[in-house]
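Undergrad: What Swiss-Prot shows for this protein is this:
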BINDING   Glu114, Asp115, Val116, Ile117, Thr118, Thr119, Gly120, Gly121, Ser122  5-phospho-alpha-D-ribose 1-diphosphate binding site
BINDING   Thr118, Arg146  orotate binding site
Amino acid sequence: MTRDEIVAIFQKTGAMLSGHFRLTSGRHSNRYFQCALVLQHPDYSELLCRELAARFAGDGISVVIGPAMGGIIVSYEVARALGVRGLFAERENGVMTLRRGFSIEPGERVLVVEDVITTGGSVREVMEAVRKSGGTVAGAGVLVDRSNGAVDLGVRTEALLTAEVVSYAPEDCPFCKQGIPAVKPGSRKI
């Protein structure tokens with residue numbers, strides 16, 4: 001798929017939002033990628049995740065895992081495309097954990113996936129959970145990298161769409177200074 005084809009899917013589904021947003025990282029931005037609006041369409045989910053999976057075909061991946069909430073559908077669809085298990089990690093007492101009977105066997109090659117990264121914090125937390133379980137993080141795949149490639153996860157990282165989106169610390173946010181309320185569209189702490 002070309003970048004233009006991927007952008008067209010995000011535009012068609014209304015997933016590229018403009019306004020004043022408080023991101024999961026705590027930073028503020030005037031742009032937000034609401035991947036749930038894309039992922040609600042099974043055909044688009046399959047298409048995008050199949051493209052992401054293709055970038056890791058032949059890498060010996062045996063498990064795909066993503067953080068709840070944004071990584072659940074991505075994990076499932078990428079795992080389906082690779083013909084492997086798809087798991088998700090959840091926060092328990094503030095720590096990303098494997099729950100619901102999920103496990104990773106020592107030495108399994110694991111692909112960590114997510115819908116959107118800005119700072120990479122959630123992906124790093126999942127990577128740590130994988131390593132604590134004895135798995136080997138073989139790579140990371142994301143639908144959208146808001147850092148435009150600036151985030152270094154320490155493993156090969158593939159993004160379907162990279163975008164340089166300005167974000168601000170809350171104290172430096174021009175929208176806050178104008179008194180414009182921030183919207184928190186993500187899933188953390190709901």
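Each residue, glycine too, has its Cβ placed from N, Cα and C.
From a predicted model like this one, the values you see are computed outputs, not experimental measurements.
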Undergrad: Which of the three DSSP-derived classes (helix, strand, coil) applies to Thr118 (5-phospho-alpha-D-ribose 1-diphosphate binding site)?
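TA: The residue in question, Thr118 (5-phospho-alpha-D-ribose 1-diphosphate binding site), is coil (DSSP, three-state).
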Undergrad: Taking the Cβ of Glu114 (5-phospho-alpha-D-ribose 1-diphosphate binding site) as centre, how many other Cβ atoms lie within 10 Å?
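TA: Counting Cβ neighbours of Glu114 (5-phospho-alpha-D-ribose 1-diphosphate binding site) within 10 Å gives 24.
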Undergrad: Measure from the CA atom of Arg146 (orotate binding site) to the CA atom of Val116 (5-phospho-alpha-D-ribose 1-diphosphate binding site) and give the result in Å, rounded to a whole number.
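TA: Taking the Cα atoms only, Val116 (5-phospho-alpha-D-ribose 1-diphosphate binding site) lies 7 Å from Arg146 (orotate binding site).
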Undergrad: With an 8 Å cut-off on Cβ-Cβ distance and a minimum sequence separation of at least 6, pull the same-chain contacts of Thr118 (5-phospho-alpha-D-ribose 1-diphosphate binding site), or say none.
TA: Leu23, Thr24, Ser25, Arg27, Ser29, Arg146, Ser147, Val151, Val165, Ser167
Undergrad: How many neighbouring Cβ atoms, not counting its own, are there within 10 Å of the Cβ of Gly120 (5-phospho-alpha-D-ribose 1-diphosphate binding site)?
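TA: Around Gly120 (5-phospho-alpha-D-ribose 1-diphosphate binding site), other Cβ atoms within 10 Å: 21.
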Undergrad: So what sits near Ser122 (5-phospho-alpha-D-ribose 1-diphosphate binding site) in its own chain, CB-to-CB under 8 Å and at least six residues off in sequence?
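TA: Correct list: Thr24, Pro67, Gly70, Gly71, Met96, Glu114.
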